């Protein structure tokens with residue numbers, strides 16, 4: 001697999017787009033757009049990204065003209081990216097920006113909800129299976145690789161008798177511990193790399 005899909009490269013090459021801020025890293029929050037989904041479990045990636053933007057005292061996310069995405073500079077060399085598509089098509093907003101900036105998957109940090117972790121737990125990894133997460137599936141398809149970094153925020157499995165789609169669209173508090181810990185994990189990834197960040201976060 002290549003780091004960015006052929007289709008995304010073609011889109012980045014021929015679509016008329018203004019310059020993006022120079023960046024070496026992308027920090028991607030996964031979720032669904034719109035007030036209906038704003039506070040749901042499936043949107044903890046958005047919540048974490050918002051927390052990071054506030055903590056770094058950066059400008060709010062704004063539309064990136066010519067892309068299906070919102071962006072803002074999170075720190076020097078770090079661009080926060082949020083697809084304006086629904087979760088299942090997240091890669092369509094992210095991959096063309098990665099292609100335009102020449103950013104490999106190894107420097108794309110994706111923050112997302114994780115059913116297979118207890119609520120509040122955070123785990124970091126590079127690559128691996130998408131575990132049925134449609135946002136990750138879209139990113140993998142559009143980037144052409146699984147080798148992006150993942151900040152996984154535990155939301156637990158639904159109780160017996162409750163369907164997963166209903167469960168992930170239930171509301172949660174924006175200040176739950178997993179979101180804050182995930183924001184810390186992103187900062188550690190950027191500053192110290194994956195191994196050091198895992199050592200610091202996985203013991204908590």
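Quick reminder: no glycine exception, Cβ is built from N, Cα and C everywhere.
According to Swiss-Prot, 37, 86, 88 bind tRNA; the candidate from 134, 199 that the record adds to this site is 134. Among the listed recorded positions, namely 32, 88, 134, the Cβ with the most fellow Cβ atoms inside 10 Å is that of 32. Rounded to a whole value, the Cα-Cα separation of residue 88 (tRNA binding site) and residue 42 (active site, proton acceptor) is 11 Å. The Cβ of residue 86 (tRNA binding site) has 32, 33 as same-chain neighbours under 8 Å, each 6 or more residues away in sequence. Apart from 37, 86, 88, 134, the residues listed for tRNA, the same chain places the Cβ atoms of 32, 42, 85, 87, 89, 90, 135 within 8 Å of the centroid of those Cβ atoms. Following the DSSP three-state reduction, the secondary structure of residue 86 (tRNA binding site) is coil. Mapped onto three states, the DSSP output places residue 32 (site 'Discriminates between blocked and unblocked aminoacyl-tRNA') in coil.
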